[in-house]
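Visitor: What follows is a structure written as C-alpha cells; I'll ask about it next.
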Amino acid sequence: MAAANAPITMKEVLTLPSVGISPQFITFTNVTMESDKYICVRETAPQNSVVIIDMSMPMQPLRRPITADSALMNPNSRILALKAQLPGTTQDHLQIFNIEMKAKMKSHQMPEQVVFWKWISPKMLGLVTQTSVYHWSIEGDSEPVKMFERTANLVSNQIINYKCDPTEKWLVLIGIAPGSPERQQLVKGNMQLFSVDQQRSQALEAHAASFAQFKVPGNENPSILISFATKSFNAGQITSKLHVIELGAQPGKPSFTKKQADLFFPPDFADDFPVAMKISHKYSLIYVITKLGLLFVYDLDTATAVYRNRISPDPIFLTTEASSLGGFYAINRRGQVLLATVNEATLVPFVSGQLNNLELAVNLAKRGNLPGAENLVVQRFQELFAQTKYKEAAELAAESPQGILRTPDTVAKFQSVPVQAGQTPPLLQYFGTLLTRGKLNAFESLELSRLVVNQNKKNLLENWLAEDKLECSEELGDLVKTVDNDLALKIYIKARATPKVVAAFAERKEFDKILVYSKQIGYTPDYLFLLQTILRSDPQVTVNFALMMSQMEGGCPVDYNTITDLFLQRNLIREATAFLLDILKPNLPEHSILSDTGEINLVTFPNVADAILANGMFSHYDRPRIGQLCEKAGLYIRALQHYTELPDIKRVIVNTHAIEPQALVEFFGTLSREWALECMKDLLLVNLRGNLQIIVQTAKEYCEQLGVDACIKLFEQFKSYEGLYFFLGSYLSSSEDPDIHFKYIEAAAKTGQIKEVERVTRESNFYDAEKTKNFLMEAKLPDARPLINVCDRFGFVPDLTHYLYSNNMLRYIEGYVQKVNPGNAPLVVGQLLDDECPEDFIKGLILSVRSLLPVEPLVEECEKRNRLRLLTQFLEHLVSEGSQDVHVHNALGKIIIDSNNNPEHFLTTNPYYDSRVVGKYCEKRDPTLAVVAYRRGQCDDELINVTNKNSLFKLQARYVVERMDGDLWEKVLDPENTYRRQVIDQVVSTALPESKSPEQVSAAVKAFMTADLPHELIELLEKIVLQNSAFSGNFNLQNLLILTAIKADPSRVMDYINRLDNFDGPAVGEVAVEAALYEEAYAIFKKFNLNVQAVNVLLDNIRSIERAVEFAFRVEEDAVWSQVAKAQLREGLVSDAIESFIRADDATQFLDVIRAAGDANVYHDLVRYLLMVRQKLREPKVDSELIYAYAKIDRLGEIEEFILMPNVANLQNVGDRLYDEALYEAAKIIYAFISNWAKLAVTLVKLKQFQGAVDAARKANSAKTWKEVCFACVDAEEFRLAQICGLNIIVQVDDLEEVSEYYQNRGCFNELISLMESGLGLERAHMGIFTELGVLYARYRPEKLMEHIKLFSTRLNIPKLIRACDEQQHWKELTYLYIQYDEFDNAATTIMNHSPEAWDHMQFKDVAVKVANVELYYKAVHFYLQEHPDLINDLLNVLALRVDHTRVVDIMRKAGQLLLVKPYMVAVQSNNVSAVNEALNGIYVEEEDYDRLRESIDLHDNFDQIGLAQKIEKHELLEMRRVAAYIYKKAGRWKQSIALSKKDNLYKDAMETASQSGDRELAEELLVYFIEQGKKECFSSCLFVCYDLIRPDVALELAWMNSMIDFAFPYLLQFIREYVGKVDELVKYKIESLNEVKAKEQEEKEVIAQQNMYAQLLPLALPAPPMPGMAGGFAPPPMGGMGMPPMPPFGMPPMGSY
C-alpha cells in the first residue's frame, strides 16, 4: 500500500547520532523518554555526562557532567531524577533536581537496589526493587511509600515497564524472562496487576499493557480498561492474543464487555514479541509495538484489527505516548526517533474500503471527528429520518464527524416534521441531544433561542450561556435584547460585536467599562463625543472617565488642554482641579499649569489650595511666593512648609493658635536638629505653659533625631519638671537607662505624682536602687510606699525598718509586715531588736502576723540575739491553735530544755518536733536527753555516735535489740566498729535476757548469722534453748539451732535431732538434704513419719533401691510403693516397676509404663497392669494399648471379646497402628468391627484376599480405596476385579489420568482399553473417558481412532486429543480434530505439511476459506502449485475474496505458470488490479487475442499502458497495432496514436483520435496530410469529425488552394447556419434586455437590500439568496462526441458568440 494512503503515517523526527550521541549509548539502559517533551541519554565516555534533548528544539541538546546509573526527565517540567548505587553496597541513592532553579529538591537512600523506575505521573516516581514496588512523591519531605510486593511470577524477570491508571487505583508491573526450554528464543512475558483499594494482586502472562478510560453508553462515569498483549508457547503452539477488559466494574451500571483478538505474526517474525503498548485517547486506538518493529493497530471498543505494518527495520527498545497527536514516539537501535500518527484523511476510507467494516469506520469518524464517512453518515441519517426514528437521527447528527449534519438543512428537516400530540417535538429532541453532547453552533443557538424567547423561558438561556452551550453572535444578542438587556450585553461581548457593546455600556451609563472593553479588543471609540455626552449628565463621572483616559497606553486620546477647557467653559473649577491634580502626579517641569491653578485657588478657594499643597507632589513652582500667599491667607503650616529661611520660620511658627498641633509636630520633623531645638526654645520663651504640650509631643515624636539628652537639657533649662515628667513618661517603657528611670522618678516626685512614683518603683527593673532609696529617704515623702517598694525588692529591709522606726512611722512597719511581705518579718524583728524597740511592740507585731510568719528564720534571728524566750507566748499560741509545724515545736522544745521544765516528758510525748534538731541541741546539755530524742525519731546514726562518744553501751544495746533493724545490726556488728565487743557483751548479758519478745531474739540471732558469727550464735542459742530458759521450747529457736549447726558444725546435728522435738521437721529435713546430710535428713523424716520424703532420700540421694524396697515392705504405704515403682521404672526395671505399681494401686503413670513396656517388649506384664488401670480409669489410651498388647501377644480372641464389651478405645487409631506394624489380622478385626471399609479393603489387599477387598471397597465407595484395590489387583493380574474397581474410578475426572498411567506403566494396554470401552456405557461417563480412550487408540489401536473421533466428536477434549494425534503422527485424524475445534489455520498447515495422508481437496477448500492467518493463503497456493496444479484455479476461486491478487500473480509469475491460473485472473480482473491486468494482457498478446485484449483495456485501465503500447506497436498483426494506437489515445499521447493509425491507413481512427484530443493543431495537420495524400473523401470526413477544432478560414483556404471546395461545402453550410442562429439569439436577447431594464430596477434594489439583510442576520453557514438572473444550480455539460458539436433540439445548431 502506498504510504500516502496508509492509515498510519511514520515520520523520522530526529536521529540521536545527529545530535552527538554515540551509537554505543543508544540502549535501553542509557536512553529514557518519559514523555513527548524530553529525551534523556546517559553517557559514560569520554566522560560521565547526561544529555537532555528538548523535543521542541532537538538540535540544541543540553549536556551536563553528571555521574549516575540512570537518569529520568520529568514528563512535564525540567526536573531530573538521578539514581546511583552506593559503592560497596546494594543500596541506591536517589536524587531529584530542578534544572531551571539549579537546586536539589529531594533525595533518599533506598535500603535495596532499584532495578527499574519510571515517572508514573508528573508528581510521582515509581520505584521497583527485587521484592517490592514503591511510590515516591516529589512534593514535601515524604519518603518512598511501599505499594505492594512483587508476585512469584516476576522472580528473575527483567522489569521493562510499570504503569498506573489515571485514578492511580490500578497498577501494573511488566517483566520478561527467557522462554521455555522447548523454544528459548521466544521471550516470556509476565504481568502483575494490583488493586490499591482491594490491596490484592493478580499474576498474568503478558508482554505489554496499558490503561485507558472509556465511556460505556448508558454509564455517565468513565470505565477503567486495561489492555494487554501476550504471546506464549504451549504444547508446541504459539498463541498471540490481545485482551481488553474492564477493571472495577461499577455495580448497577452498564459495563464494558471483555474483548480479545489474535495478534498475527508473519512466519519471519515467529519469535518476535510485543515490547510496548500505547492507547490513543484521542482516537480510541490501541498501538502494539514489537521488538522487531511491527506495529499492530486495534480499535479499543471492539478489539478489531485496523492495521499492521513494519515501521522499523531495526529493533525498537523504547516508546512513549504523543498524547496531543494521538500517536506515539519510538526509538530503535539505530537511534532513529520515529513519530507514528494517524492519517486522518485516510483512516476512515481505509477501514470502510480495504477492511469493508462500515460500522467501525463510522464509529472511528464519530469518536475522532474524522473525514471519510460523510456519505455513510448522511445515508444513515436519511434512513433513520425516513423510519421516523427522530431520536436516533438526532443523536447521529449530534455525533456526526466534523459536524457534517449540523447544518440549517438538518434544522429545517426537524422543523418540517409535524408535532404529534403528547410527544416532544423532534426539533426539541434534536436540540436536547446537541446540548447533552456539547456546544451548539451559531445557527443552532439562534434557532433554539428563538424558541425559548417565544416561550418566555429566559432562565434556560442564562443556564445555557453559563454552561457555554451556545455560540454567541450579534444576531443572538439582538434577539435576546428584546427580553433582557444584561443578558444581551453578555452575548454581544462574547460575540465581539463591538459597536453594540459600546452602545449598551453607554445606555447603562457604565462609561468606565467602555475604556476597559475597548482596550481589551483594540477598538477606538469617539472619546471627545463620549466626554461631552457624559459631562452634560454627571460632571464627576466625567472626571473619572477623563482620568481613566489619561491612564491609557499610548497616552490620552484627547489633549489635556481640551479636557480642561471643557470643565472651565462650564465654570467647573473643582472638577478641573481634581482632574489636573491627578494627571500632574509625575511632577514634570512642563506641567507649569499648576502655578496658575494654585494661585487661582489660593485667591478664590483657600481650602482647595490647602488640599493641593497637602498633596505635596509638586515641586516645579516658586516656593517663596507661594509661601507668602499662604501666610497672607492664614495657611501658616503651608507657609512654614514653603519657607526656607530660619527667621521666616521663627516668625510664622509662633502663631500656634492658628496651626494644627499635629501638623506643627510633623513640621518639626522636616527641620534639622539645630533649627528644631531653636524653634522649640522660642516657643517655650513665648508661652511656656501654652506651648509646653506641643514641645513635649515634638520631643516624644523626634527624640531619636533630637537626642534624648538634648530634650532633657531643654526641659531642665526651663526647670520644667512637668515637661520632663510627660516626656520621659513616653520614653520610659522603651528605655533601659537607669539615669532616665531615676530622673522620671525624681520628676514625678517633684510634681506630686506619688502614685506614679509608687508604680515605677514597683514595676521598673532598671533604676539605680541605692540612689533611688537615698533620694526617697531625703525627699521624706508623706507616703512611704515608694520607699517600701524599693527596699522590699532590692533587699534593704533593715534600712527600711530603721528609717521607719527612726521617723516614728510604726504604722508603715505594721503595714509592711502584715500586708506587703510577711516573709521578711524576721528581718524586721531582728532590726527592731537591734534598735532596742520595746518587746511589747515586737510581740504585738509578731502576734498580728501569726501563721503568716515564717517561724524558722524568726527563731534563727531571735536565737542569734539570745532572745528566744521572747517567742514563748507566740509559739504557745500557735500550738494552742493546733499548729503541727516542726519548727514551732523545735523552738518550743529548745525553750523547755533550756528552762529544764520536765524535758523528758516533752521529748517522749511531743510527736511534732524534729528529733535530729532537738537531739543535736541536747547533746552538749544532757546526752541522755539526746538519746531520748534520737530514740523517739529512730535516728540510728546519731544515737550510735552519742552513745559511743559517752560510753552508753547498755542504752545502745537495748536500742539495737528493740529496733530489730538489719541495717542497724550490720553497722553495730561491723568488724570495723571498735566498740563491737562491748555492744555484743551488753546484748548477750543484758539486752536479750531482758527481752521477752521472740521477734527481738530472732532478729538478733539473724543479725549474728548475717555478721557470720556462728560460734557465738551457737553458744547463745544453746544457753537459751538447752538450758531451760523461757525460749527452750521455742519452735523458731530450735529450728535456728539445728540450721546453724548444719551450717557451722554438722557433727552436732544428729545429737540435736535426737534431743529436740519442737522443730520444723520437713523444712529442716530439706535443708539437711541440701547440705548433703542425707542420713540426718532420713532420720528427721523417719522421726516425723514422713515416709514419702524418707523413701525419696533413699532413692534420690542415697540411691539404694534395695533399702527403699525394704522400707516400703516395712511401712506398706501406697505412696511409698508408688515412689519405688517410679524409681524402678527410671532404672529400667520394668517388670519390677509394674509389680510395684500394682502393689501401690497407682494408675497415674500409665503413659510412662506403656512407653517403657513397649520399649522392653514386656506385653504380658503390661496386660496385667492395664487391666488394673482400667478398674480405676476410663482412658482411651489405656483401652487402645490393651488391644495393641493383646495383638502383640497374638491373643486375637481376647481382642474380639474386648471390643464387644464397653470400652473407650480409639479403635480407628488402634487399627491404623496395627496396620502400620503389619498386624493385618488384628487390624482386619478392628476395621470390620468399626465398619471402616476403606481400611478394611486395603488390609484385605495386604492379606491377598482380593475378592473381599473389592466387596469392602464397594461398601467404602471411595475413590482412594478403589484406586488402591484396583492397583493391587493390577499388580496381582486380577484384571477382572481390577476392571470392577476401575469403572468406579474413571467416572471421576481427576483420577482418570492416574489409572491410565498406572495401567500403561505396567504394559496392560489391552486391559486398559477394555476398561475405557466399558466406561463409555456408564451413566456417569464424562468427556475425560472419551478423550482418554481416543488417546489410547492413537497410541495402541490407530485403526479405531477415526471412527471413535467421528462418533464422539462432541464429547472429546479436542486439544488434548490433538496433542496425542500430533505425537503419534495421525495426520488425517489431526486434521479432522482441528476442523472440529475451529482451528482452521492449524488444520490447513497440517494438510499441507502431511498431504499424502491428510489432503482432501473438498475438505481443504472448506478449511482454506476459514483460516485467519493470511499467509496460509499463499502457502496454499504454493502447495497446490507443487502437488495439485490441476485444481489450483478451483482453490483460487474460493480464496478470491481473501487473497492479495498481486501477490498471487507474483507467485505464479516466479513459478512461470501464469497461464495455469488464467481462469482465476479472468474471474478477479473486475477488481482492476494492476498485476492481474498486466498478466492477462500479456497472455492475450501471446495468444494474439486482440478482441479480449481490447476488452480488457477498455474495462480495466490499471496497468502500464505505455509499456503495453510500446510492446505491441510493432506487432505483426494489424489489429494488435490498432490496439497500440488505441492505448496511446487513451493515454493522451495523441500524436503517437495518430502516427500509428496513419501508418496502417486507419484514417477513421486517426480522425477520431484528433477530435478527442481537442488539439486544433493536430486536426489541421491531419487535414494537410489528407490533402498531401490526395484523400479528398477523408478530407471531407475530417471536417465533419473535427468540426469543433478546425478554424473556418483554415478549412476554406486549404479547400480553395487544393481545389476541394466541393468537399468543403457541407462544412461551410453548417458553419454559416450555426453563426446566423447565434446572431439572431443575441439580437433578440439584447432587445428583451433593454425593454426590461427599467421595469426591473426597483425589483433589483429590493432584492439587494434583502440580500444585505440576510448577510447581517443569518450565520455564515446559510447561503445568501440568489442574485437576479443567476441560475439556481449547475447546468449539465453539453453532450457530444466523435468531434461533432452538440446538436440542439429539432436538429438546429445552437447560437454561438463571437
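The backbone N, Cα and C atoms fix where each Cβ goes, glycine too.
As annotated by TrEMBL, domain 'Clathrin heavy chain linker core motif' applies to 344-367. Taken from TrEMBL, the feature repeat 'CHCR' applies to 551-696, 699-841, 846-985, 992-1137, 1141-1282, 1287-1433, 1436-1579.
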Visitor: By DSSP, how many residues in the repeat 'CHCR' (1287-1433) are helix, how many strand, and how many coil?
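Guide: The counts are 115 helix, 0 strand, 32 coil.
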Visitor: Looking only at the repeat 'CHCR' (1436-1579), what are its DSSP counts of helix, strand and coil residues?
Guide: 113 helix, 0 strand, 31 coil
Visitor: Restricting to the domain 'Clathrin heavy chain linker core motif' (344-367), what is the model's mean pLDDT?
Guide: 84
Visitor: Quick check on the repeat 'CHCR' (699-841): DSSP residue counts for helix, strand, coil, in that order please.
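Guide: Final tally across the stretch: 112 helix, 0 strand, 31 coil.
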Visitor: Helix, strand, coil: count each for the residues of the repeat 'CHCR' (846-985), based on DSSP.
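Guide: Summed by class, the stretch gives 105 helix, 0 strand, 35 coil.
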Visitor: According to DSSP, how is the domain 'Clathrin heavy chain linker core motif' (344-367) divided among helix, strand and coil residues?
Guide: 17 helix, 0 strand, 7 coil
